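Quick look at what Swiss-Prot lists:
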type: BINDING; residues: 54-63, 74-78, 100, 119; note: acyl-CoA binding site
type: REGION; residues: 157-216; note: region 'Disordered'
type: COMPBIAS; residues: 158-177; note: compositional bias 'Polar residues'
type: MOD_RES; residues: 184; note: phosphoserine
type: MOD_RES; residues: 185; note: phosphoserine
type: MOD_RES; residues: 187; note: phosphoserine
type: MOD_RES; residues: 191; note: phosphoserine
type: MOD_RES; residues: 206; note: phosphoserine
type: MOD_RES; residues: 270; note: phosphoserine
type: MOD_RES; residues: 304; note: phosphoserine
type: REGION; residues: 367-433; note: region 'Disordered'
type: MOD_RES; residues: 419; note: phosphoserine
type: MOD_RES; residues: 460; note: N6-acetyllysine
């Protein structure tokens, strides 16, 4: 005798009580039947819970299943409760019944257990979108956890990543900042897979960087030595004004500008030295190879894409290598000798005959500063001057605008104005304001010309479209309209002749057939 009692619940909650008489041994067939009963009870329990959830859905609730979804549930429900479809298909007057019959009959000979499990599987797909109710909670409790746990098989890969991160953290990165942007170069951390030549190059580069840093620590003053009889006080005041103006444009702060020397005895000429300490926010690359520019640093409207690559004029005064000196001497035969300087540039005298100008820059690769510029041309590359008496022209015309170094005479009190384009001038206030106004005027003129060109093109397009419209209308009017064969009072769409032919042709065909048979009879007679 076998007695089974089941309770609805999850896989762990149902219990089975077996009462087996002592005189009967345990049969394998009974054991298989018990297992089938257990599995069937689980499918039935889950199916009943899912059906209760579907039946408890409100008509105007937040979750509204689609028609296709309801057809699936209907077909699985009918297959699980009644088996395969054996009914005839409804008539054309019942389209909903026909759809239901098609969905049910498409399951074929699916067993009830398979239909129940399919019903539950479809319910699992949408159970997360349903509102949490008592029926849904019961279904979740019956189903149990149905999420799959995916094992992480990328442990080796993650260990490689962590080792790479450890190598990066333990290395000594050499950060270089140019124009307020950070540029990191990890010269101390080479991987094991790199070649020996790259390691040697990295070691040599680090040694060169250390040497240059030592040199930069020695040079902390910015000396601008001006000779050839310029007014000392006026020059100092102008330079201070220019430094404050340029630093305010760039958003940088100048901590102090003070004279550190007032007398340099050389051939009875006066000299002025300016000491300037700039914050560490602006540090140039020691090697002078890589230069980063910032489009937001420009305060002047750039008319062309050529001006976007220009550097700022104040960069030349705040290089990482330390100070630079620029001399205005009266004799070209007096060279400037200094081991820290890289190149000398001799500029031929202009109309003012101020003599030779020697510009010397302390830059990693020997960059030359012209009139307060930072040694870069229009495209951002550094100027390279030749020693063999050759010198690059200081005039570079960009789309009709002057871009040149001006040679000023001793009578005038102005100084050289650096190359424009980035909105900063190392020169007098009047010169910078004048050049800025000229650039604004040129930009406005170009804008007006462009607007006029656009307006002219629009007018041409409007006239062309108007002419095309007129020509199309005239061609339509000149083309002869097909005369309608039907009168205005005719109610039918077809013409009267067509209608008459449609009515008469059967009689004509009948008459022709009659004539044929009549002739045939005459021949027979």
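Glycine is no exception: its Cβ is also placed from the backbone N, Cα and C atoms.
Listed in sequence order, the binding-site residues from 54, 57, 63, 100 having a Cα within 10 Å of the Cα of the residue listed as 'N6-acetyllysine' amount to none.
Fewest Cβ neighbours within 10 Å among the recorded positions 100, 460: that distinction goes to 460. Highest Cβ count within 10 Å among the binding-site residues 63, 76: 76. Neighbour counts of Cβ atoms within 10 Å were compared for the binding-site residues 54, 57, and the top value is held by 54. When secondary structure is read from DSSP and collapsed to three states, residue 100 (acyl-CoA binding site) falls in the helix class.
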